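Q: Dumping the structure here so I can ask a few things about it.
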Amino acid sequence: MERINSTLLTAFILTGIPYPLRLRTLFFVFFFLIYILTQLGNLLILITVWADPRLHARPMYIFLGVLSVIDMSISSIIVPRLMMNFTLGVKPIPFGGCVAQLYFYHFLGSTQCFLYTLMAYDRYLAICQPLRYPVLMTAKLSALLVAGAWMAGSIHGALQAILTFRLPYCGPNQVDYFFCDIPAVLRLACADTTVNELVTFVDIGVVVASCFSLILLSYIQIIQAILRIHTADGRRRAFSTCGAHVTVVTVYYVPCAFIYLRPETNSPLDGAAALVPTAITPFLNPLIYTLRNQEVKLALKRMLRSPRTPSEV
């Protein structure tokens with residue numbers, strides 16, 4: 001599985017995650033179910049937002065629909081390849097496939113960071129400036145903000161992919177990870193990676209730290225505003241719409257910070273931590289938003305219990 005130093009690699013072998021061989025089938029079935037339920041859950045969110053006129057024109061739920069698209073996409077570029085680790089035989093990933101996987105993961109992941117920030121800002125405007133909210137956050141503005149998040153995410157993903165794969169890869173081709181990510185791939189480079197590691201740390205650090213700081217600042221203002229609400233029902237509804245977002249942000253940011261914002265150690269915990277944003281978070285997001293968001297729950301009930309009659313269409 002090693003190439004001589006004068007030969008550039010044309011494929012990589014992803015070693016996957018370590019597991020007992022006797023549990024091969026169990027792990028395959030587990031991640032297969034995770035993948036299917038992720039797609040179905042996020043598709044249900046998309047259909048609910050699109051079908052309910054009370055939701056699909058509101059910026060908060062436009063953002064939620066985009067989040068579902070991102071979750072479905074991240075799961076699709078990571079989990080099927082991970083499942084191949086639990087089948088017999090070695091299945092290399094082509095060099096171009098590795099480039100594409102790294103690009104799309106960082107493109108979608110950074111877009112998700114920006115989107116979480118937009119969702120926090122939207123909640124800040126809705127709760128702290130409710131009278132001006134319809135003017136400050138219009139459907140047109142939310143669409144422009146989403147387009148900006150996609151564009152910034154694409155630039156971030158392209159930067160990371162170009163910096164990583166401009167280096168020569170001519171030695172071992174085993175990526176000690178379950179997908180092509182920057183730290184694992186850089187270990188195979190036949191050149192000094194100091195600049196790459198520094199740029200990666202700064203770039204991802206700026207994205208994560210700036211987005212998280214803006215989210216934190218928004219929620220400090222939101223909590224102060226909620227505590228000033230006089231009615232218990234008003235406070236409950238405000239916490240209901242914000243609680244789901246706080247939960248998914250926490251679940252997403254903690255493992256990302258653990259993986260990228262610490263010195264390179266090649267810890268066996270990296271793989272376990274990376275499973276959270278790549279497989280677990282996309283699976284949990286629909287559950288969190290349907291269980292903790294009262295408006296989504298009510299929209300689901302309306303859609304499931306009250307199908308439209310021909311006269312209503």
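A Cβ is built for glycine as well, from the same backbone N, Cα and C atoms used for every other residue.
Per Swiss-Prot, N-linked glycosylation site is recorded for N5, N85, and the stated evidence type is sequence analysis. The topological domain 'Extracellular' feature in Swiss-Prot is assigned to 1-25, 77-100, 162-198, 260-270. Annotation comment: Swiss-Prot describes 47-54, 122-140, 219-238, 292-313 as topological domain 'Cytoplasmic'. The transmembrane segment annotation in Swiss-Prot covers 26-46, 55-76, 101-121, 141-161, 199-218, 239-259, 271-291, and the record cites sequence analysis as its basis.
Map the listed features onto the structure and describe their local environment.
A: Taking the Cβ of N85 (N-linked glycosylation site) as reference, residues of its chain lying under 8 Å away and at least six apart in sequence are, in sequence order, L14, T15, G16, I17, F178.
With DSSP states grouped into helix (H, G, I), strand (E, B) and coil, the topological domain 'Cytoplasmic' (47-54) comes out at 5 helix, 0 strand, 3 coil.
Broken down by DSSP into helix, strand and coil, the topological domain 'Extracellular' (77-100) contains 16 helix, 2 strand, 6 coil.
Through the fold, the topological domain 'Cytoplasmic' (122-140) approaches residues 57-60, 62-63, 218-219, 221-222, 225-226, 238, 241-242, 245 of its own chain, all at least 6 residues removed from its boundaries and within a Cβ separation under 8 Å.
Within the topological domain 'Cytoplasmic' (219-238), the DSSP-based counts of helix, strand and coil residues read 16 helix, 0 strand, 4 coil.
Remote same-chain residues near the transmembrane segment (26-46) are listed as 19, 64-65, 68-69, 71-72, 75-76, 79-80, 82-83, 86-87, 279-280, 282-283, 285-287, 289-290, 296, 300 (criterion: CB distance under 8 Å, separation of at least six residues from the stretch ends).
Same-chain residues lying 6+ beyond the ends of the transmembrane segment (101-121) with a Cβ under 8 Å from its Cβ atoms: 60, 63-64, 66-67, 70, 73-74, 77-78, 81, 93, 142, 145-146, 148-150, 152-154, 156-158, 160-161, 164-165, 179-182, 185, 207-208, 211, 214-215, 218-219, 245, 248-249, 252, 256, 277-278.
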Q: Summarise the topological domain 'Cytoplasmic' (122-140) as counts of helix, strand and coil residues per DSSP.
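A: DSSP classes over the topological domain 'Cytoplasmic' (122-140) add up to 13 helix, 0 strand, 6 coil.
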Q: Is it true that the transmembrane segment (55-76) and the transmembrane segment (199-218) have 3 or more Cβ pairs under 8 Å, skipping pairs fewer than 6 apart in sequence?
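A: Touching, no - the transmembrane segment (55-76) and the transmembrane segment (199-218) miss the threshold of 3 or more Cβ pairs under 8 Å.
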Q: The topological domain 'Extracellular' (77-100): which same-chain residues, six or more beyond its ends, come within Cβ distance under 8 Å?
A: 9-17, 19, 24-25, 27-28, 31-32, 34-35, 38, 108, 161, 165, 169, 173, 175, 178-180, 185, 278-279
Q: Could you tell me the mean pLDDT the prediction assigns to the topological domain 'Extracellular' (162-198)?
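A: Summarising the topological domain 'Extracellular' (162-198) by its mean pLDDT gives 90.
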